[in-house]
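These notes are about the structure you will find just below.
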Amino acid sequence: MDTATVSLFLGALALRLGFFFYGIYQDKYFEVKYTDVDYFVFNDAASYVFHGLSPYLRDTYRYTPLLSWLLVPNHYLQWIHFGKMMFVLFDLLTGLLILNLLEAQSKRKKLILSSLWLLNFMVITISTRGNAESVLCFLILLSLYFLKARQFVLSGLFLGFAIHFKIYPIIYSIPIAVYVYRQRQGGLFNVFKVGVSAILALAGTSYWMYQIYGMEFLDNAYFYHLSRTDHRHNFSVFHMLLYFESALPTDSFWAKLAFLPQAAITLGVVPLLLRDPSFNSLLSLLFIQTFAFVTYNKVCTSQYFIWYLIFLPFYLARTSITLKKGLTMALIWVGTQGAWLFFGYLLEFKGKNVFYPGLFLASLSFFLGNVWILGQFIDDFKVKTELSEEKKKR
């Protein structure tokens with residue numbers, strides 16, 4: 001690594017350590033705690049594992065047992081914050097992968113674009129609060145790293161591990177298959193290698209966990225998320241629907257249909273890759289696809305934004321969006337999110353009934369703002385692919 005790159009990573013590490021130690025201070029002295037409530041769930045589940053029991057004895061633990069296994073050192077070392085440091089490490093490794101995948105860019109541009117992850121306060125906050133998304137992001141980018149290197153078996157294996165960790169990366173299967181198939185050498189056979197490797201990794205880890213924990217693993221890690229109706233800490237436009245539905249003895253008909261717009265838009269953007277099936281276009285499409293998935297998801301919390309922020313540097317590397325429009329998009333994204341957080345604070349910490357109209361309108365404005373932003377990204381991607389097509393014809 002050159003001096004500028006080393007300096008960037010040292011700065012990124014220093015920021016994370018600063019946030020980490022400040023978080024310990026805030027937890028001790030402030031009403032609003034810094035540590036994510038989910039981290040205490042992870043830690044409690046790891047405590048059960050440490051004592052030879054099931055992590056699912058911890059109420060609300062809805063993840064793969066592997067996550068609780070990762071935090072077992074918390075209890076060996078008797079230091080609850082060890083897991084946070086591990087998440088910070090995965091956070092930095094994700095930044096390293098972003099830097100490597102940006103290798104076609106100039107040195108200066110690579111550093112600027114990778115800074116969007118490494119120096120991003122939202123990313124830093126998520127990992128130092130004890131959220132495990134950095135582990136998932138690392139697995140996804142590692143899969144793409146091997147895909148670019150044409151190591152199809154390794155790419156598929158890590159994609160399968162990512163899907164085991166959380167279900168949603170399965171949406172990447174189709175665009176990855178399209179990209180691999182459209183390559184000049186061994187298209188169909190390479191699709192087979194990626195697909196079989198991913199299935200074996202997913203099935204193998206899932207069977208392993210099932211052998212140890214039985215149906216409680218499947219119920220909590222997979223089936224729960226297919227019918228999840230979490231109405232708390234939720235930016236989603238479906239927030240109020242889920243809130244009212246939570247009081248009903250059975251799921252409502254409309255709540256069951258909430259996934260249809262999400263499925264339509266998430267799959268509907270895939271054909272955009274057909275015009276220019278290059279690796280850079282694949283990364284840009286995965287950004288758009290993930291942005292759409294999160295925007296239309298029934299549950300949308302702050303850590304979900306990390307899912308598409310890992311792809312933002314790759315998208316911006318080739319964007320034709322002007323600075324003025326980009327700033328407008330960023331302002332709408334931050335402003336509508338800030339409005340929701342304001343009403344969320346009044347509800348969660350002040351106990352005020354702001355569900356309607358405050359929280360409802362904030363959710364609606366955030367959703368509509370994101371839909372408009374998504375439209376700008378799609379239009380921009382179309383322009384890029386059209387230009388690429390014209391270059392090939394010349």
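Quick reminder: no glycine exception, Cβ is built from N, Cα and C everywhere.
What TrEMBL annotates here:
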{"type": "TRANSMEM", "residues": "6-25", "note": "transmembrane segment"}
{"type": "TRANSMEM", "residues": "76-99", "note": "transmembrane segment"}
{"type": "TRANSMEM", "residues": "152-181", "note": "transmembrane segment"}
{"type": "TRANSMEM", "residues": "188-210", "note": "transmembrane segment"}
{"type": "TRANSMEM", "residues": "253-274", "note": "transmembrane segment"}
{"type": "TRANSMEM", "residues": "305-323", "note": "transmembrane segment"}
{"type": "TRANSMEM", "residues": "330-348", "note": "transmembrane segment"}
{"type": "TRANSMEM", "residues": "354-374", "note": "transmembrane segment"}
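Between the transmembrane segment (76-99) and the stretches 6-25, 152-181, 188-210, 253-274, the greatest number of Cβ pairs separated by less than 8 Å involves 6-25. The transmembrane segment (188-210) shares the most Cβ pairs under 8 Å with 152-181, out of the stretches 6-25, 152-181, 253-274.
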